[in-house]
Amino acid sequence: MQIVLISGLSGSGKSIALKVLEDVGYYAVDNLPATLLPELVAELSDTGHERVAIAVDVRSGASLLALPQQVEHLHALASDLRLIFLDARDDTLIARFSETRRRHPLASEDVSLAEAIQSERDALASIAELGHRIDTSELHANTLRAWIKDFLAIEATEGLTLMFQSFGFKYGIPLDADLVFDVRCLPNPHYDLRLRPFTGKDQPVIEFLDSFPEVGRMCEDIRRFVATWLPSYARDNRSYLTVAIGCTGGQHRSVYIAEWLGRHFSDTLRVLVRHRSAARRIVDHGADMADK
């Protein structure tokens, strides 16, 4: 049996993730108390279900504390067990709840939204370390759907997948980054008005950055560092290693370098390249992500 556990903060997109799994053929169960996991899995196994997706979150109350132990128990019941933890920055979660006017499950007359988010983050801290974390702070719902599908495809294979992720420091460092490189010291195409509308994937920006030797040295230095330490990360039984490349706005330099690194590692490894901030102007932080 294949089991995917979904957890994370309220408003981070758990309902979207669960619906993606349901759409691709998983039997989906939402808001299950953690203590009932073994019983449910045993029953579904007896009735012939081969793929199951279960959402477990803070609404489970005190039973949530049992989840780490239940995960260990489920490894004995499932041939393939994965856990996805969805996260987002506090300001993003506050904006999503404010825009949709949904109530946070831990908020009350005496507990503000910000306090409720912090309480939930504290309660889920140990669970966040159990699985693959996805920071949805800058993700549109359609992008999250694509990332979940990528995760399912990658996890079905053996070995480590290397993800290069560009971002803008002005929007915050991605919560799911394992390694972070700051490339704001490089020449900035933003100050050339002709280049400003483009991204680091467009030829005019590529030619601009290619003309500076320090850009090539930065790319090579990052490549060498990742290549040197990649075997150590792989020995840690990881499925993913997320390398985040940041510039000021996440549109030009970081995109260029993430693409460069992706090309140079793709001959020998499974590689994904993602750009968090390059299309930020079309990102919707509100209604479609504030699920519950």
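Each residue, glycine too, has its Cβ placed from N, Cα and C.
Feature list (source: Swiss-Prot):
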BINDING   Gly8, Leu9, Ser10, Gly11, Ser12, Gly13, Lys14, Ser15  ATP binding site
BINDING   Asp57, Val58, Arg59, Ser60  GTP binding site
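Feature annotations (Swiss-Prot) mapped to structure.
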{"residue": "Leu9", "record": "ATP binding site", "contacts (Cβ under 8 Å, 6+ apart)": "Leu86, Asp87, Ala88, Leu93, Ile117, Glu120, Arg121, Leu124"}
{"residue": "Val58", "record": "GTP binding site", "contacts (Cβ under 8 Å, 6+ apart)": "Ser10, Leu64, Pro105, Leu106, Glu120, Ala123, Leu124"}
{"residue": "Ser60", "record": "GTP binding site", "contacts (Cβ under 8 Å, 6+ apart)": "Asn31, Leu32, Pro33, Ala34, Leu67"}
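A helical conformation is recorded for Val58 (GTP binding site) in the three-state DSSP classification. Of all the binding-site residues listed (Lys14, Arg59), Arg59 has the fewest other CB atoms within 10 A of its CB. Classification of Gly8 (ATP binding site) by DSSP places it within a strand. Here the C-alpha separation of Arg59 (GTP binding site) and Gly8 (ATP binding site) works out to 11 Å.
Summary for the binding-site residues Ser10, Ser12, Ser15: the Cβ-based neighbour count within 10 Å is maximal at Ser12. Taking only the Cα positions, the spacing between Gly11 (ATP binding site) and Asp57 (GTP binding site) is 11 angstrom. The DSSP secondary structure for Lys14 (ATP binding site) is helix. Cα distances from Asp57 (GTP binding site) to the binding-site residues Gly8, Ser12, Gly13 are smallest for Gly8. Neighbours of Gly8 (ATP binding site), defined as other CB atoms within 10 A of its CB across all chains, total 27. All protein chains considered, the CB of Gly13 (ATP binding site) has 29 other CB atoms within 10 Å.
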